[in-house]
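Database features, via TrEMBL:
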type: DOMAIN; residues: 5-193; note: domain 'Fructose-1-6-bisphosphatase class I N-terminal'
type: BINDING; residues: 91, 113, 115; note: Mg(2+) 1 binding site
type: BINDING; residues: 113, 116, 280; note: Mg(2+) 2 binding site
type: BINDING; residues: 116, 117, 118, 119, 208, 274; note: substrate binding site
type: DOMAIN; residues: 198-331; note: domain 'Fructose-1-6-bisphosphatase class 1 C-terminal'
Ligand code: AHM
Ligand code: MG
C-alpha cells in the first residue's frame, strides 16, 4: 500500500480543492507535531513522572492533572513562533493567549482542550486533544476574547487526537473527515481512513446514566425508549457505551455510528451542561457534520450557536443523524 503522509495529504488537498492555504497547513502540521509530543508523554505514564494532580485548579474549578498542564504548555510552545496565529485559547487558561510581540502575528486563532478525558489519565484509558481553528475577524487589532466568539460554522479546521492503543489524528478542513495513524517507529502521521462517514441509524448510545435521576423529561423519554428494546416503541435493542473521554466516544461514533449525549440537567438549572462549546462541542460537531452526522444542543444546530463566553458550557447531542434528530425533536414537543 502506498503510504500518504499528513503533509502529502495537505499539499494535495490544497492543489485539488484549494481548501488549505499554506499558513493553515503549517498550523495543522504544528498542532499534529505537538500531539505527537503529547502522545509520547502520555505513553510514558508513571515512567515519565507525569501522572497525578498538579495541585492547581483551572478556570472551571476543576483539579488540573500534571499531564493537563504539560499538554497545554506543549501546544502553546509549538504554536507561538510560526507566524500563523494571532492568538490561542485553552480549557486550561482563563484568558486568551495572544502571540508574544517577538513573533509575527498570523490570521488564524486556535482553541484547544489540551487533554480531554482527565478522569482517565491515571487509569490508562484513552484520552485526547481537541482543537478548533477560526480566522481572525477582518481588521482585528490586538486580539481579545470577543474576537474568538464566533459560531462554530465559522471554523476553518477542527480535529482531535486520541492517545489510545493507537494514536490517531482525525481532521476536517471542511471537505470531509480523514484519519491519520501515528507510525511510532517513523514518527510520522499516515493517512489510514479517507472520508469517514457516520451511518444515519444506529443501535448504540453513549450517556453517563448515573445522572439519570437529574435528567429533563425529553432525555429520560429518549433513553427509556431505547432501553425498552425490541418490545418497546423503538422495536429494537440498543447497546450502551460510555468511555468518559469524549474523544474516544466520538471516535467510536465516527467509525461505526452511535449517539453521544451530555445533556444539561436539573441539578444546576443555570448550567447549560458540562462540556464546553468553543473547544469541545464545536470542533466535534464540525467533524460529525462533515461525516454526515448531526449535532445539536437539544434545541438548535450546535454550529449556529452564537457564543457569549470563551468557556461557556453547552448541552451536547451528536452522532448518527436520525437519532440526533429524534432526541432534538423530543425537546421541541
Ligand atoms: P475534561 O475536559 O475535564 O476532561 O471533561 C470532559 C470529559 C469528556 O471527555 C467526557 O465525555 C466527560 O467529561 C465525562 O464526564 P463524566 O465524568 O461526568 O462522565
Ligand atoms: Mg475536556
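Cβ atoms here come from the backbone N, Cα and C positions, even for glycine.
Unlike curated records, TrEMBL annotations are generated automatically.
Location within the structure of each feature annotated in TrEMBL.
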| residue | record | DSSP (3 states) |
| --- | --- | --- |
| 91 | Mg(2+) 1 binding site | coil |
| 113 | Mg(2+) 1 binding site | strand |
| 118 | substrate binding site | helix |
| 208 | substrate binding site | coil |
| 274 | substrate binding site | coil |
| 280 | Mg(2+) 2 binding site | helix |
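Only 113, 116 of the binding-site residues listed as 113, 116, 117, 118, 119 bring a Cβ under 6 Å of any atom of ligand 2; the order follows the sequence. Only 116, 118 of the binding-site residues listed as 115, 116, 118 bring a Cβ under 6 Å of any atom of ligand 1; the order follows the sequence. Summed and averaged per residue, pLDDT over the domain 'Fructose-1-6-bisphosphatase class 1 C-terminal' (198-331) gives 97.
You'll find the Cα of residue 208 (substrate binding site) roughly 16 Å from the Cα of residue 116 (Mg(2+) 2 binding site). Within its own chain, residue 91 (Mg(2+) 1 binding site) has 58, 60, 112, 113, 114, 116, 276, 279, 280, 311 as residues 6 or more apart in sequence whose C-beta sits under 8 angstroms from its own.
Neighbours of residue 116 (Mg(2+) 2 binding site), defined as other CB atoms within 10 A of its CB across all chains, total 28.
Cβ neighbours within 10 Å of residue 208 (substrate binding site), excluding its own Cβ and spanning all shown chains: 13.
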